[in-house]
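Asker: Dumping what Swiss-Prot says about this protein:
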type	residues	note
ACT_SITE	CYS328	active site, cysteine persulfide intermediate
BINDING	ALA75, THR76, ASN155, GLN183, SER203, ALA204, HIS205, THR243	pyridoxal 5'-phosphate binding site
BINDING	CYS328	[2Fe-2S] cluster binding site
MOD_RES	LYS206	N6-(pyridoxal phosphate)lysine
Amino acid sequence: MKLPIYLDYSATCPVDPRVAEKMVQYMTMDGTFGNPASRSHRYGWQAEEAVDTAREQIAELLNADPREIVFTSGATESDNLAIKGAAHFYSKQGKHVITSKTEHKAVLDTCRQLEREGFEVTYLEPESNGLISLSKLEAAMRDDTVLVSIMHVNNEIGVIQDIEAIGELCRSRKIIFHVDAAQSAGKVAIDVQKLKVDLISLSAHKIYGPKGIGALYVRRKPRIRLEAQMHGGGHERGFRSGTLPTHQIVGMGEAFRIAKLDMEKDYQHALALRNRLLDGVKDMEAVTINGDLDQRVPHNLNISFAFVEGESLLMSLKDLAVSSGSACTSASLEPSYVLRALGLNDELAHSSIRFSFGRFTTEEEIDYAIEQIRVAVEKLRDMSPLWDMYKDGIDLNTVEWAHH
């Protein structure tokens, strides 16, 4: 067992050895290193063929047409291209966008940018279980609403939004629907023939592919138009210029191929580990699971340990690689905005830890983690005067704290 134990799969995954092996064949002189846009010689043709194969592998996971896949540098760029691209192209029809308060920063900050450009954005509050209410969404829709952006699976709490129902609603109102599927692709089945979703952001490194590569699914029927955000040689049918990184694209394709093949196996494996971890900590006092437990991917468990400071718990769990909040926001010491949106108070939001596991996590590692968590929480609570007061039956909300 290698320490520290990696339990932060929602931040990134190790590259699957099968993926790494494939990628190496597309870089050096004895490999296929050509530019896929070089049309005049075999080096280019072979690289283009490799890209086409990967495009098909990615499309297959979504049951899409390969021509609907546009390569980007990752889900952040895909979110930017989808939201800015659609909002700008359709701005004559209206300048109102709807999203939720628990979206990834790549969606929220892109929407903030649109607001600076004169768009109006409605940020929906989720229910306390993290799910978006359809009636609230419908109530927010207006005649000038051009875009709705709701993520499939939340990166902090793992809840699965009902994008099928949301898609039906958007289509009936002729509103473009964008879904950030960085955390769901390869974990939950996505079928674009069934789902009325127009734009889907995808990432490779969340499903055992390389970092720095992603894609945007852009529906052809009914056709969705976007304004390009990256200008240049007109690559990717003009949606996204820039030389295609063949080795990364091949890696993403292989990762998606394996994900489709192993989806059920990976799912059951994660579920067994999640239940094992949950069973190991649920008898502890003052422990809360954040987010709906049923409508959720099994790869994620977000737990609040009351009366323990999240940062000090992270430090005490030095042999576990876990996070409080998401990797993208843990650089700031603010409590998680996702947990705040669920209605958790600052203290509880600050005392939460996200455990996320995956293909290479073992039962032995989970058992070790349980032991570490129990010891660390007990030790920190022993040092906490608040814990003593709680144990004495004092309602901490009624205490008048002296201000220094």
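Glycine residues also receive a Cβ, built from the backbone N, Cα and C atoms like all the rest.
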Asker: In terms of DSSP three-state secondary structure, what is the assignment for GLN183 (pyridoxal 5'-phosphate binding site)?
Answerer: coil
Asker: Which of these binding-site residues has the least crowded Cβ, counting other Cβ atoms within 10 Å: THR76, ASN155, GLN183, SER203?
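Answerer: Minimum Cβ neighbour count within 10 Å, taken over the binding-site residues THR76, ASN155, GLN183, SER203, occurs at THR76.
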Asker: Quick check for the class: what is the C-alpha distance, in angstrom and rounded, between GLN183 (pyridoxal 5'-phosphate binding site) and LYS206 (N6-(pyridoxal phosphate)lysine)?
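Answerer: For GLN183 (pyridoxal 5'-phosphate binding site) versus LYS206 (N6-(pyridoxal phosphate)lysine), the Cα atoms are 7 Å apart.
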Asker: Judged by the number of other CB atoms within 10 angstroms, which among ALA75, ALA204 is the least packed of the binding-site residues?
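Answerer: Per-residue Cβ counts within 10 Å for the binding-site residues ALA75, ALA204 bottom out at ALA75.
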Asker: Please report the distance from the Cα of ASN155 (pyridoxal 5'-phosphate binding site) to the Cα of LYS206 (N6-(pyridoxal phosphate)lysine), rounded to the nearest angstrom.
Answerer: 10
Asker: Could you measure between THR76 (pyridoxal 5'-phosphate binding site) and LYS206 (N6-(pyridoxal phosphate)lysine) for me? Cα positions, answer in whole angstrom.
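Answerer: The separation of the Cα atoms works out to 12 Å.
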Asker: In whole Å, how far does the CA atom of the residue listed as 'N6-(pyridoxal phosphate)lysine' lie from that of ALA75 (pyridoxal 5'-phosphate binding site)?
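Answerer: Between the Cα atoms of the residue listed as 'N6-(pyridoxal phosphate)lysine' and ALA75 (pyridoxal 5'-phosphate binding site), the distance comes to 10 Å.
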Asker: Among residues ALA75, THR76, ASN155, GLN183, SER203, ALA204, HIS205, THR243 annotated as binding pyridoxal 5'-phosphate, what is the maximum Cα-Cα distance? Answer in Å.
Answerer: 30
Asker: Going by DSSP, give the three-state secondary structure for ASN155 (pyridoxal 5'-phosphate binding site).
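Answerer: Looking at the DSSP assignment, ASN155 (pyridoxal 5'-phosphate binding site) belongs to neither helix nor strand, so coil.
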